[in-house]
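A short write-up of the structure that comes next.
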Amino acid sequence: MAMLLRARCFHRLAIPDPRRILYKDYRTAIPQNFSNYESMKHDFKIEIPEYFNFAKDVLDQWTNTEKTGKRLSNPAFWWVDGNGKEVRWSFEELGSLSRKFANILTEACSLQRGDRVMVILPKIPEWWLANVACLRTGTVLIPGTTQLTQKDILYRLQSSKSKCIITDDTLAPAVDIVAAKCENLHSKLIVSQHSREGWGNLKEMMKYASDSHTCVDTKHNELMAIYFTSGTTGPPKMIGHTHSSFGLGLSVNGRFWLDLIASDVMWNTSDTGWAKSAWSSVFSPWTQGACVFAHYLPRFDSTSILQTLSKFPITVFCSAPTAYRMLIQNDITSYKFNSLKHCVSAGEPINPEVMEQWKKKTGLDIYEGYGQTETVLICGNFKGMKIKPGSMGKPSPAFNVEILDENGTILPPGQEGDIAVQVLPDRPFGLFTHYVDNPSKTASTLRGNFYITGDRGYMDEDGYFWFVARSDDVILSSGYRIGPFEVESALIEHPSIAESAVVSSPDPIRGEVVKAFIVLNPDYKLHDQEQLKKEIQEHVKKTTAPYKYPRKIEFIEELPKTVSGKVKRNELRRKEWTTT
């Protein structure tokens, strides 16, 4: 297969075991793509080609494999909604539709290689087409969650210098309000059944677009995508990934952690605005020729998730720990998952108790993985490996992972320190390039020969890594990364608030939630405090993305601060996690 030869990173195409087709309840913890962890880590090597484009070198090669009959009749993409509607594409159909989309970007929108395209769409087929169209045209994809507010959209359009935005009816009005303030924005595409003034209607344009398009020959180190991520100070930062860092780097996830082959059907529940969707809804499964399954749910519903797992031949399932916590509260034993054989979790640490309950009710282990928007899989629990509940597992083949002290010294097993990835003398291919337009932040992540993840942990005597805490104050709630600065910025706009500090607080379902410690202005200290809490919560929901609002609020007289005036969030968080 040409893609395998050119990229020199994928092993021989795995032919599915026919037992998995004949017997729907076939399950095994034996890896499909490797013999054991040690051999996988030892044997893994990759040469990065000078030119690489995932659409041309992977997707189009799977199309060729389909045409020659070497890939079983498994869809490349399978989408369903709650109303019984389904969309199925082969790799050939995906290619044809994405080439039409690519022509719209280059011809109707006049976009050129390197131009930036913001895509804010829910889990609808056009989101996947937008991903592939950007690859084909060499334009830079910038995903955004559909929960963004007008203020969020303005900041992202301005800071990214996006020339085009693609969204739907829900967010188009917000875009229209801020568009005049975005000097680089000149094209707007809407996915809608209706026309809108000043917008190109993508559905109509697709009807007449040509599917003849020549894929841009991108260099492996060209910028492919920018992901916004929350931090503790300042607004969200832009993380740059290249055609190789995700396009090739995520082969590690697909082949080893997800253990996918071409007959698999992979369902990842992540929001389209996050890098996890690139991980498990685009690059990882399609690298392996597997089917990407998507279910459009307006909101998370555990019953719908279980029904979907039971109804469709999903073999690999990926979701956040919050989802598993909610799923096990149902009577899972009343469902039959005849095809499901592999379950993974990422985004935040998963409780051992949840893993135990899931195994008890389904017979399946949950294989936890650890990574960041900046990386591909850093550590993981892999099939064929002993699972230590609560552990992140062992380093993926992509990285050399160590625990460092503040001086950059590698610590022995059992000692807590900073989780770090070696980047010198040879920089790993699955790592981001830089924080866009933020060289000081990029430089701050380096310590000697290592990239510092910002997370604390330790390694045990068996080489398993254990997560302890985040070095920064980012809150992980239901799989969302929430920066305290964003919430505090919204809070301070309320007239009752003099100052505030936001930290994480434990929650049995979401893992952790946002808690705000608030110092009130004198005029509001006699107000009904419960009513005021509700008003503040509603204010935050309207000011920033709704998932960021503080589910817990505590009014205090003053915030603990250092001598230099910095809020001591660590003290507040420690108190919260100790006393709650």
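Numbering starts at 1 and runs along the chain as displayed.
From the backbone N, Cα and C atoms, a Cβ is placed for every residue, glycine too.
Quick look at what Swiss-Prot lists:
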| type | residues | note |
| --- | --- | --- |
| BINDING | 229-237, 368-373, Asp455, Arg470, Lys566 | ATP binding site |
| MOD_RES | Lys67 | N6-succinyllysine |
| MOD_RES | Lys100 | N6-succinyllysine |
| MOD_RES | Lys151 | N6-acetyllysine |
| TRANSIT | 1-21 | transit peptide |
Problem set entry | Assigned element (helix, strand, coil) containing Asp455 (ATP binding site), judged by DSSP | strand
For this session: Go through Lys100, Lys151, our modified residues, and report the one whose Cβ sees the most other Cβ atoms within 10 Å.
Result: Lys100
Exercise. Can you tell which of Lys67, Thr229, Pro235, Glu368 has the most other C-beta atoms within 10 Å, given these are the recorded positions?
Worked result: Glu368
For this session: Sorry to bug you, but what's the C-alpha spacing from Lys67 (N6-succinyllysine) to Asp455 (ATP binding site), rounded to the closest Å?
Result: 46
Problem set entry | Number of other Cβ atoms within 10 Å of the Cβ of Gly371 (ATP binding site) across all protein chains | 26
Exercise. Which of the binding-site residues Thr229, Pro235, Glu368, Gly371 has its Cα nearest to the Cα of the residue listed as 'N6-acetyllysine'?
Worked result: Pro235
Problem set entry | Nearest-integer angstrom distance between the alpha carbons (Cα) of Thr229 (ATP binding site) and Lys100 (N6-succinyllysine) | 31
Exercise. Using Cα coordinates, what distance in whole Å links Gly371 (ATP binding site) and Lys100 (N6-succinyllysine)?
Worked result: 34
For this session: Return the member of Lys67, Pro235, Glu368 nearest to Lys100 (N6-succinyllysine) in space, with distance defined Cα to Cα and candidates limited to these recorded positions.
Result: Lys67
For this session: Let me know how many other Cβ atoms fall within 10 Å of the Cβ of Asp455 (ATP binding site).
Result: 20
Exercise. Which state, by DSSP, holds Gly371 (ATP binding site): helix, strand or coil?
Worked result: strand
